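**Q** As annotated in TrEMBL:
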type	residues	note
SIGNAL	1-25	signal peptide
TRANSMEM	113-133	transmembrane segment
TRANSMEM	140-164	transmembrane segment
TRANSMEM	176-196	transmembrane segment
TRANSMEM	217-239	transmembrane segment
TRANSMEM	254-271	transmembrane segment
TRANSMEM	308-325	transmembrane segment
TRANSMEM	331-351	transmembrane segment
Amino acid sequence: MKVCRSRQCLAIYVLTLSMLQRGYCLQGPSSKIKLQSCDIECKKDLRLLDNAESLLQGLRGGGEEESEYLAEKNELKNEAISNELSSPIKFLSVLISGILGVIKSNLSTGSSVVGFASLVAVSASALIPLAIIHQSYSFTVGYGASVAAMSLALLYAFSVPSLLSAIKLKSSPALLANFCLLYGIRLTSFLLLRNWNSPVRREQIKSKDTSSKLKRIPSALSISIFYAFMVSPVYFALFYENKISLSGSVLEKVQWVGVGLAFLGLSLEAISDLHKYIVKRNNNAEYGGSVFVGPTGGAYALCRHPNYLGEMLFWSGVYLGGSVVSIQKSIGGWACGTIGLYGITLIMRMASKRLDEKQNNIYGGQPKYEEWKARVKASLIPFSE
């Protein structure tokens, strides 16, 4: 009996220490252990209470004290579960952490096929909500947001350093990923700003909402896949970066040419968009106005649509910098990037042609427009007609 009692005291002593370490407060004599207050933070704490219950029942043989203990323990457990479910911030935090974990795992450690599918999912998660708001956002604000979201996912999944760190490390895939992020953020913010300051644009955006919100989802999903094609060279370059070495090879030089081209295109498009915006604002020229105000200088002296040219240069650089890796390790990855580049190049050429026709219809015959058009013959590619 003495042995059993010694074991009982030792077990209660160990249990008490364990519970005190976790923030539980014990009061009363050792024969009447009572939980006064408890802050249960996770299921592990609940398992501790379950273990304590089993241990006490085995040592003390049940009774009224155990019933009191069980009642308080169940009350605390229910309160803890209720608190977890009633905290939206905590719930969202857990949900987002879980989603980010899955995305990171699929992009960085899964197969390249699963990784690309995850890239499409990220693109769709950014684009579809915006397309539901306004149908035309699929090709404007949603386009920039989709690129930014995919870039953020790649930066997170592959632990890509910041832009300044990437420059110091001389990592071309890391630089391309950062450039894509800058591109997406810049384009999204610029389009939102332009729409906000143009009542005519806002009305045109609303007028294009011709289909129901739910019917926009399939279209937005297919567009998301296309945007993933465009960003895929960066993904495959990061995915295979540690599995292939380009150091000292001609392909490494080609990759850095792609990085330079992407930076040039990013800068040209940003400067051209800002230049045009400022000129129109200074002249109080509304979108679709009947008087041509320019701009006619700067980048607009090279070609009539330098912002579209910048777009083409940027994505050409992304493709060149990433495809030198994918073409060696994944023909499928190279094909994805090729489809993306071909598609955006075709879109830009069609857009510039369509804008030329629109400007001719609105500004045709105006001296300033005719002089600029005669002087700058190239629509998209400088020094060409």
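Keep in mind that glycine also has a Cβ here, set from the backbone N, Cα and C atoms.
Map the listed features onto the structure and describe their local environment.
**A** For the transmembrane segment (140-164), the list of distant contacts is 100, 103-104, 107-108, 118-119, 122-123, 125-127, 130-131, 134, 171, 173-175, 177-178, 180-189, 191-192, 195, 220, 223-224, 227-228, 230-231, 234-235, 238-239, 241: same-chain residues at least six beyond its ends, Cβ to Cβ under 8 Å.
Residues 112-113, 116, 226-233, 235-236, 239, 305, 308-309, 311-312, 315-316, 319, 322-323, 380 of the same chain, all 6+ positions outside the transmembrane segment (331-351), place their C-beta atoms under 8 angstroms from a C-beta of that stretch.
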**Q** Count, for each of 176-196, 254-271, 308-325, the Cβ pairs lying under 8 Å from the transmembrane segment (217-239), and report the range with the highest count.
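**A** By Cβ pairs under 8 Å, 308-325 leads among 176-196, 254-271, 308-325.
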**Q** Quickly jot the same-chain residues contacting the transmembrane segment (176-196) by Cβ under 8 Å, restricted to those at least six beyond its ends, or write none.
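**A** Distal contacts: 140-141, 143-152, 154-155, 158, 160, 162-163, 166, 202, 205, 231, 233-234, 237-238, 258-259, 262-263, 266, 270, 273-274, 277, 314, 317-318, 321-322.
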**Q** Apart from its near flanks, which chain residues at least 6 from the ends of the transmembrane segment (308-325) lie with a Cβ under 8 angstroms of it?
**A** 172-173, 176, 179-180, 183, 230-237, 240-241, 244, 246, 251, 254-272, 302, 334, 337-338, 340-341, 344-345, 348, 351-352, 380-382
